[in-house]
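Trainee: What Swiss-Prot records for this protein is below:
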- T350, G351, G352, M353, G354, Y355: FAD binding site (BINDING)
Amino acid sequence: MRALTVQRVKFAMDLPLLKRAGQDLAEKTKNFVSRSLVIGEVLSMADMATGVKCGIIYWLFGGAIRNLGSPEHVTKWFQPLQEQKYTGMFAMTERGHGSNARGIQTEATFDLSAQEFVIDTPCENAEKMYIGNAMYGNYAAVFAQLIIDGRSQGPHCFIVPVRDENGSLYPGVTAIDMMYKEGLHGVDNGILIFDKVRIPRENLLDKFGSVAPDGQYHSPIRNKSARFNAMLAALTPSRLAVAFQAMGAMKLGLTIAIRYSHSRRQFGPKTKEEVKIIEHQTQTLRLMPHLATALALTFVSRYAGALLDEDVFQGKELVNSRSLQALVAGLKAYSTWENIRCLQDCRECTGGMGYMMENRISGLKCDTDVFATFEGDDVVMLQVVGRELLAQYTKQYEEKPLFGLLQNWAESVGDKLRTSFLAFNMDTVDDLAFLLKAVKFRERVLQRGLVARIYYKVKTKKEDFFHAWNSCLHHVASLSLAHTHRVTLEQFSLAVKSCPDQEDQTLLMKFCLLYGTKLVFQERAWYLEHKYLTPMASTRIRNQERC
């Protein structure tokens, strides 16, 4: 399986379309991010292992070179990568540190006399784990603590040779095959251990931090934490690529399940032909909301891709686009979780046929389950969103205290009016305006609630921020998902309005309403608790979802 995947990667990257996409990546031409994301989605639909392995080599390893290196690094390393003269891997995660990448323990100690970095794995917890392409790759983009004169400058990325052109490991490098996994059997994941491996000083990807020949460290960002944030922000496109791959799996699973549901017949009126199983209400209720969600995620992900394109094309540093980073983090979590739920329903809705590997749904389930934790654990991704929303809320008070207070008062009064008995007949539950107002209301209330909780714990109870934040994580997750839901529904509605074909627009509007109804229906207890819905309105929403 692995050898076949290697052949497929080589074949795919030789295709003119993908060669052109690689050139666009190198040159950062307009809309290159969006094009690459869609290509990755389609490639993953054809074979998930091939799509993921291409992503490891070109998005992660290649992305590290493009986004963390200098123009000289791009010329030296990325162009030969495009020409398939070698392959690479991305080595950040360690046995002891995954989500908290700042705590990685691999060391890169600068040797002044030799003008080299010494890459070393000082302990078992510092072993690089789950590294894709570990058993085939020639070079690794290794994140390690940069140490000069015994002092760490924080994590930096280094290009480390792993194998020669014949596939033999270089001295000091150990690669251990992690063997069998739940899925992605075509991807070779392994453990990397470095025993004082020496690399040239120039192999440091130095966009955000460099070491001069005299051993002096220079960086445009003085704060270590801010510097590492900038490095992680530069890798944002690869996180969005996972969302696109998850959507590809959703779309493929739904296509198979819905087509099967239109061909399979079970039960029916006496003396008449059995009906298609899609005509059974439970089958429709399980599949159609997932289809609506897949459409919604398609439009909002394209929106995020367009924003990324614009920033990259204009040469902006992604670290300064915090709201975009938060959006991508939220979409990564939301899309991968929805994919898992969707494929499980697709499997069940196709019965025994869905369990057969030849029909692909069970394979997609196994292959994409890991999406919930790689490229950022989904729960941690929600914290990225929550921190940005908290920062946005506090910023408006710091910059314009009076305006912030007035805005908060106006929103609070407006929310109270919306939850009064006078408000319930203003909008009908089957109207898109009602659904948009509902998801905005939920996000706004949860945001105010989180701010109040954090303020009380830090200012009144004198707790440190970490413990205050940690005790509010459930609220953070709820707010972050509410924010992602709101943006997704808004982008879906905008896409529907801009659809040029009337017939397509009418059909898309039905799915947009279904998606919005799903969002409100699944949180109906919260809306009832906050008196945004009456029991009668909740019943109408339930009936609407069943139509």
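Using N, Cα and C of the backbone, Cβ positions are placed for all residues, glycine too.
Because the structure is a prediction, the values reported are computed rather than measured.
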Trainee: Using all protein chains shown, find which of the binding-site residues G352, G354 scores highest when you count other CB atoms within 10 A of its CB.
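Mentor: Of the binding-site residues G352, G354, the most buried by Cβ count within 10 Å is G354.
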Trainee: Long-range same-chain neighbours of Y355 (FAD binding site), Cβ under 8 Å, sequence gap at least 6?
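Mentor: Sequence-distant Cβ neighbours: R347, S362.
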Trainee: If you count the C-beta atoms lying within 10 Å of each candidate's C-beta, which of the binding-site residues T350, G351 ends up with the smallest number?
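Mentor: Each of the binding-site residues T350, G351 was scored by Cβ atoms within 10 Å; lowest is G351.
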Trainee: Name, in the order they occur in the sequence, the residues of the same chain whose CB lies under 8 A from the CB of M353 (FAD binding site) and which sit 6 or more residues away.
Mentor: Y260, N359
Trainee: Report the residues of the chain - excluding T350, G351, G352, M353, G354, Y355 - with C-beta within 8 Å of the mean position of the site's C-beta atoms, for the recorded FAD site, in sequence order.
Mentor: R347, M356, N359, I361
Trainee: Helix, strand or coil by DSSP: which one applies to T350 (FAD binding site)?
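Mentor: Once the DSSP labels are grouped into three classes, T350 (FAD binding site) ends up as coil.
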